[in-house]
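To keep things clear, I will list the structure first and then write my remarks on it.
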Amino acid sequence: MSVNLDDEKIVSINFEVFGKVQRVFFRKYTKLEGKKLGLRGWCMNTPEGTVKGLATGRESQIEKFKDFLEHKGSPKSKIDHAVFSLNDKEATEKEFVVYR
């Protein structure tokens, strides 16, 4: 979904991050980064060993978040790659949260 807010679109993305991203505090750091950027959404571990989620926010902040997910993560993580897709629906969460 995209809405004009102060001349900047609000967008939502689905994401999935591959690599060593479980048991290395990746979700905690993702939540902190999401909050820092003013995003709403969630992330969770998958049975396949990835971390997936949904993020909604200003387009410029989403781009920064994507960079974090692709290149930074947590100090002990090793990111192989990340996959992103636009989502028509905004996150219903009021802030960025971790689901277990």
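Our numbering is plain: 1 for the first residue shown, then up by one each step along the chain.
Glycine is treated like the rest: Cβ placed from N, Cα and C.
No curator has checked TrEMBL annotations; they are predicted automatically.
What TrEMBL annotates here:
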{"type": "DOMAIN", "residues": "12-100", "note": "domain 'Acylphosphatase-like'"}
{"type": "ACT_SITE", "residues": "Arg27", "note": "active site"}
{"type": "ACT_SITE", "residues": "Asn45", "note": "active site"}
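A straight line from the CA of Asn45 (active site) to the CA of Arg27 (active site) spans 8 Å.
Confidence annotation: the domain 'Acylphosphatase-like' (12-100) carries a mean pLDDT of 98 in the model. Comparing the active-site residues Arg27, Asn45 on other C-beta atoms within 10 angstroms of each C-beta gives the minimum for Asn45.
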